Amino acid sequence: METWTGTFTGLLLLLLLGQPGAGTGGDTEAVVCTGMACYTAHWGKLSAAEAQNNCSQNGGNLATVKSEEEAQHVQRALAQLLRLEANLTARMGKFWIGLQREKGKCLDPSLPLKGFSWVGGGEDTPYANWYKELRNSCISKRCVSLLLDLSQPLLSSHLPRWSEGPCGSSDSPGNNIEGFVCKFSFKGMCRPLALGGPGQVTYTTPFQTTSSSLEAVPFASVANVACGDGDQDKSQSHYFLCKEKAPDVFDWGSSGPLCVSPKYGCNFNNGGCHQDCFEGGDGSFLCGCRPGFRLLDDLVTCASRNPCSSNPCRGGATCIQGSHGKNYTCHCPQGYQLDASQLGCVDVDECQDSPCAQECVNTPGGFRCECWVGYEPGGLGEGACRDVDECALDPSPCAQGCTNTDGSFYCSCQDGYVLAEEDGTQCQDVDECAGPGESPCDSLCFNTQGSFRCGCLTGWELAPNGVSCTMGLVSLGPPSGPPEEEYKGKKEGSTVAPAAAASPTRGPEGTPRATPTTRRLSLSPDAPVTTDPLEMLAPSGSPGVWKEPSIHHITAASGPQEPAGGDSSVAKQNDEGTDGQKLLLFYILGTVVAILLLLALALGLLVYRKRRAKREEKEEKPQNAADRYSWVPERAEGRATENEYSVIDSGSGCEEARARGSPEQLLCSLGPKRKR
């Protein structure tokens, strides 16, 4: 009781000091109170952070718009704000609300709020009213505002749309930002005070807003009642505080109508009564209630005799009236249970009892069972799961071998392959010849898909084990067959046929053994040499090992001979490889010699030109004046004739000779010399 008295006294002093004109005029602020919250609209070019700070200083937050009903409350507050402002120009304006997305959190198109969350907290809500498609940006904080035309009246059928953008700063609050909307939540509301005669009621809320036309007055608000016709000398003032009388029951603590006057009786505002007004003979009156209702302690308000008539239960709970109609209980549907207040319902988490075999997902009012990866619903019992045989799928998840396991599988590869490191399902060939250890072959090693093969150098043969190499033995027999038939139709560059082939004999263990015979090598002078490369024989022996024939040295007879026996093709092939190598060597040597000859020729030409230049330079330098003339031998006077090759001076004489076109001009071209 002392607490309420202290609170009332403090608020009363605040009212008297801060509201000198209370009760004398209309509303100056835009505020709408309903249900359990009040909404206020404000002008101000502020950033979203500054607007939130302004709301929080009075105990609230930027407004939430979690349902269409709440959107209508916010629209009504904005409509009051626009009516208070005169001469608004036609423009689009934005007002901050409490919907924001932090930096680093990206857009989620699958959710109604697109990844945004309410400043005051709370889960994702189904209601949304976006103005346009949102930008997918994660690098900066984004805030939401309500977009509306300031020059047009707000209609309930056209709720303000949501517009997202930068949250602004103190220097730049944002494009078209005009103000913000705050929300203040309360535990309950009082009914507005009813006057039985002339007077004015002014309410001052805990968030420092003053209004005379609240539909519901929030808890802890102060009401200043001024009775009278406006005459300050005769007016009477009364102060009341909205208090919680009982759980979820709030009233002003007053009894009877206020500002009653015998002059008006029940004719003024129904005497201030909630339902019925009954006048007395002396000008007094009383309030009454209709059947099924009862008069409350304030002697003005009527309440239903059914305690459930006021819908005390919340959150989907159903109100059940007691046996004598004085009490009630709230009941929740299946999957829900009563909260701590015993008035609302909260979801029951059935997954805490582990009703599923593997995974349990709680849902509002129920749950559902899911299977882990590698399993599918099925089997005995509710929520049972069974293994999925991934290896039976088409196509198989593995490139080669697949082994199914409980809830998964693993892949394997054939010999000569290993699993790739990417995803463990593909196989890649193993290069046995390039391994970190020793080579599997004694000589040459050739990698193949899934295996390898061995080979030998010229003059060696692959051993029966397919890995080692042994010195090749060749038995040469006498030539047989017509020498010309093998070369019919062959072009230049074909292989010279060997004169004899090896005639293998069987040894004591059944292995081939060659008995060599010695013959003198003699090739025909017109036998061409082949450039065909050495060919490999088909694989034989153990799996994964390839044999390569060695090159046998053949002693050929004079002229082309056809090999006899089964080794003719081998001998011919070896001879072709040897001749091809020799021919290649000849080509290389011939090219080198040609290049050297060209270099020698170029060097000789250079030396010649230098010597000629030096000789000409010496001849052009005269030793004395006599070098400019030619001496003619003496002749008899009788036989003397005109000398055609007279001395030609290199000066004017040459010019005259050139002008006449005489042969002397040739001497001029040789310079001043002695001509005989």
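Glycine too: its Cβ is placed from the backbone N, Cα and C atoms.
Just so you know, TrEMBL annotations are computer predictions that nobody has curated.
For C330, the disulfide partner recorded in TrEMBL among C313, C345, C351 is C313. Remark: secondary structure over the domain 'EGF-like' (304-342) totals 4 helix, 12 strand, 23 coil, with classes taken from DSSP. Across the domain 'EGF-like' (347-382), DSSP classifies residues as 4 helix, 14 strand, 18 coil.
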